[in-house]
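Asker: Have a look at the structure that comes next, please.
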Amino acid sequence: METTSESNIGSKQRKKFQCTVCYRWFFRKVHLTIHMRRHTKEKPFKCSICFAMFTHNNTLVAHMRSHTGEKPFKCTVCNVGFAQKSNLTAHMRIHTGEKPYRCDLCNMGFRQASHLPTHRRTHSNERPYECSLCFKRFTQNSALKRHMKTHSRRKSSSLSCSKCHERFHSEEELKEHSLLHEDEVFAYT
């Protein structure tokens with residue numbers, strides 16, 4: 001009878017191709033070649049429409065559906081279509097209530113793994129997204145985008161520079177702008 005350690009040795013002997021960066025073993029050279037793109041950042045597959053680049057052909061095929069509108073993966077409950085199977089899998093969790101991704105700090109559950117890093121920022125108070133106009137910081141890009149809409153409203157006529165009459169969204173912007181005029185000498189005739 002073969003023991004676990006003997007079967008592991010046999011498995012490694014069958015895997016003949018090893019990555020020189022992370023030392024992972026592969027059965028076939030083609031799998032090693034594909035794996036190496038992770039380390040080299042090579043993206044040989046290019047979209048002919050928007051020129052986006054991809055490491056795998058199947059990722060390009062899925063991307064092309066964003067241009068064609070094709071959604072071959074259908075929900076059996078509500079018939080919503082998806083371009084990628086992974087999106088259908090995540091969607092199905094809405095119907096099942098499954099939340100397999102858990103925060104290790106508060107045990108809050110999420111349907112998608114991608115939501116977990118964003119949630120963790122609420123514990124660390126990390127705010128990587130900054131407004132370029134008022135420098136307020138946010139934990140999520142979506143919150144920054146929502147905030148940016150407050151700047152796109154018409155500028156208030158009550159917040160205007162007394163020297164050049166330029167208008168501003170906030171008092172902070174007006175104060176910062178007024179510093180530009182401090183060194184100016186105005187000619188009076």
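Just so you know, glycine gets a Cβ as well, placed from its N, Cα and C.
Fair warning: this is a prediction, and the values are worked out from it, not measured in the lab.
As annotated by TrEMBL, domain 'C2H2-type' applies to 17-44, 45-72, 73-100, 101-128, 129-156, 159-186.
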Asker: For the domain 'C2H2-type' (17-44), what are the DSSP-based totals of helix, strand and coil residues?
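Answerer: Per DSSP, the residues of the domain 'C2H2-type' (17-44) fall into 12 helix, 4 strand, 12 coil.
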Asker: Quick test of the contact rule: Cβ under 8 Å, at least six residues beyond the ends. What residues does that give for the domain 'C2H2-type' (101-128)?
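Answerer: Hits for the domain 'C2H2-type' (101-128): 90, 93-94, 137-140.
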Asker: Short question: which residues 6 or more past the ends of the domain 'C2H2-type' (73-100) have a Cβ under 8 Å from it?
Answerer: 62, 65-66, 109-112
Asker: Which whole number is the mean pLDDT over the domain 'C2H2-type' (129-156)?
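Answerer: The average pLDDT of the model in the domain 'C2H2-type' (129-156) works out to 82.
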Asker: With DSSP helix as H/G/I and strand as E/B, how many residues of the domain 'C2H2-type' (73-100) fall in helix, strand and coil?
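Answerer: Looking at the domain 'C2H2-type' (73-100) with DSSP, the answer is 12 helix, 4 strand, 12 coil.
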Asker: With a Cβ cut-off under 8 Å, give me the same-chain residues at least six positions beyond the ends of the domain 'C2H2-type' (159-186) that come close to it.
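Answerer: Distant contacts of the domain 'C2H2-type' (159-186): 133-134, 150-151, 153.
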Asker: Taking a Cβ cut-off under 8 Å, which residues six or more beyond the ends of the domain 'C2H2-type' (45-72) line up next to it in the same chain?
Answerer: 34, 37-38, 81-84
Asker: With DSSP helix as H/G/I and strand as E/B, how many residues of the domain 'C2H2-type' (159-186) fall in helix, strand and coil?
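Answerer: For that range the per-state counts are 11 helix, 4 strand, 13 coil.
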